[in-house]
Each structure stands twice: as C-alpha cells, then as structure tokens.
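J.: Annotated S-adenosyl-L-methionine binding site per Swiss-Prot: 32, 33, 34, 52, 79, 100, 107, in sequence order, evidence recorded as sequence analysis.
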C-alpha cells in the first residue's frame with residue numbers, strides 16, 4: 001500500500017514561488033505528497049500535470065487527489081517524454097517543474113517489485129511493469145564487461161569486477177532468479193572486511209541495477225533539459241536527488257544553463273544564444289532538517305537544488 005513520507009515537502013514546493021493561477025508539473029508523482037501540497041497552493045484557475053510511469057502510483061494518487069478534480073491531470077508515462085506529452089495536451093510553457101528522484105517507499109516495501117535487498121523476491125526492479133527489461137535479464141544475460149560497467153558507473157562499487165565475476169560463475173550452473181540469491185552472490189564476492197563496513201554490501205549493486213533497468217540517469221538528463229526549455233521566464237525547477245550521480249547531473253546542467261558561453265571577440269550586441277538561461281537559486285543544496293531526519297531516516301541523503309528561468 002502507498003504509505004510514504006514525502007521528503008523536503010515545503011522546501012521543494014515553496015521553492016517554486018507558486019503563482020496561484022500558474023501551470024505546474026510534478027514529474028515524479030509517487031504517493032502524491034508534493035502534488036497534494038502544490039495543489040493546495042493553487043487557485044481554481046491553477047493546473048497541475050502529474051507524471052508517473054508506475055500505474056499503481058497513479059491509481060493511488062487519483063484517490064488521494066480526487067477533491068481537486070480537473071485541476072490535476074495524470075500522465076502515465078516516463079518523465080523523459082515531458083515535452084511530447086505536454087505538447088499533445090496543448091501546453092507550451094509552465095511556471096514550475098518538480099522532480100523527486102527517490103524510489104518511493106511503497107516500491108521499496110513491496111517485496112514483489114524486487115527493488116529491495118531486505119526481502120527475497122523475483123529480480124524485477126521495473127518502475128513500469130509493462131516494459132520488458134528486468135534486473136533478472138541483466139544479471140543472467142548481460143556480458144561480464146557490461147556488468148562491470150554498470151556496477152562501477154551507476155553503483156560506484158569498487159568491487160565491481162569481483163561481483164561480476166562471481167555472477168558469471170554462478171549463472172553458468174543455474175540462473176539467479178531472486179533478490180535473496182543475488183545478495184548471497186554479492187556477499188560471496190565482496191571481501192569480508194568490506195562487507196562489515198559501509199552499510200549493506202548489496203546496496204550499491206542494487207542501486208546500479210535499478211538505474212540500468214529503468215535507464216534513470218539518461219531519462220533524468222533528458223527530462224531536466226526539457227523542463228528548463230518549457231519554463232516561462234520567472235518559472236522555477238526544483239530537483240530532489242538522493243545520490244551523487246543524479247546530483248552531479250543536476251548541478252552540471254544548472255551550471256551550464258546559468259553561464260554564458262565564451263564570446264567571439266568584437267560582437268557589438270550579445271546574441272540571445274549567448275545569454276544565460278537560468279539563475280541558480282540554491283548556491284548550495286538544501287538538505288533535510290534534523291527534525292525531518294528524525295521523522296524519516298530515508299531522507300538522510302536528499303539534496304534539493306532550485307533554479308529560475310531568466
């Protein structure tokens with residue numbers, strides 16, 4: 001069931017400088033916490049478009065947000081299709097866009113989704129259960145070199161080669177079908193001293209697989225660039241990230257859009273192409289308060305960055 005504590009709720013939504021009659025997008029509807037608070041700040045003339053690729057999330061949010069009626073429109077699609085979907089709905093610009101890139105707790109807590117190393121379940125990890133690629137296919141079919149690449153790039157796992165080698169060894173004799181079986185393989189591959197420090201030994205590998213299954217980083221990069229393009233002047237984008245890979249993409253995208261490229265000498269007038277597109281509002285990311293961390297330990301790695309369209 002969708003019971004989920006929303007992270008950095010007021011900071012992320014208030015950071016959008018809500019206009020009561022504005023048009024807003026929640027790219028990561030999830031359990032609907034950010035959307036609900038955002039809708040409460042809108043007048044009857046305001047509008048929210050809420051994206052999620054998880055059908056269960058949309059079904060839950062329809063009930064939770066039913067009182068807002070036609071003020072909220074749900075879009076069951078990955079946020080990388082942000083511009084395409086809004087264009088089809090006749091929306092050319094928006095006043096604010098919100099991203100919360102954490103996997104929602106219900107997805108983590110439903111064993112059958114296969115996201116968690118805490119429960120034994122089929123190796124799945126699909127946000128959109130209609131897509132074909134699963135974690136089981138990656139683990140059992142992808143070559144050693146590809147496994148090393150995703151474990152190192154997406155999980156920043158220093159024992160990527162050892163884990164990939166152990167997976168290759170085990171799958172020669174039998175397929176690795178469940179999260180529990182994969183955890184055992186990971187534990188067997190990682191040296192004992194490393195297993196005893198730095199959190200659960202499977203954490204980084206599971207993160208890497210989840211990102212690879214859902215193509216999360218590329219989808220986010222594409223969606224963030226589209227969001228910036230869609231913003232009206234004065235519109236804002238709020239991004240909550242939970243690990244360094246996402247945060248790096250956000251930070252670099254904001255930085256690039258807030259700087260002028262090097263100018264050719266002798267230009268009498270600054271062309272529009274050379275003007276910065278964004279103003280960064282958060283020089284340093286906003287992090288959860290001690291009080292929020294006490295209420296919700298899953299918020300501990302959250303970072304919020306906000307930028308405004310010029």
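A Cβ is built for glycine as well, from the same backbone N, Cα and C atoms used for every other residue.
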J.: What's the most sparsely packed of the binding-site residues 52, 100, counting other C-beta atoms within 10 A?
T.: 100
J.: Just going by other Cβ atoms within 10 Å, which of the binding-site residues 32, 33, 34, 79 has the emptiest spot?
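T.: Among the binding-site residues 32, 33, 34, 79, the sparsest Cβ neighbourhood within 10 Å belongs to 33.
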J.: Look up residue 79 (S-adenosyl-L-methionine binding site) in the DSSP assignment and report helix, strand or coil.
T.: helix
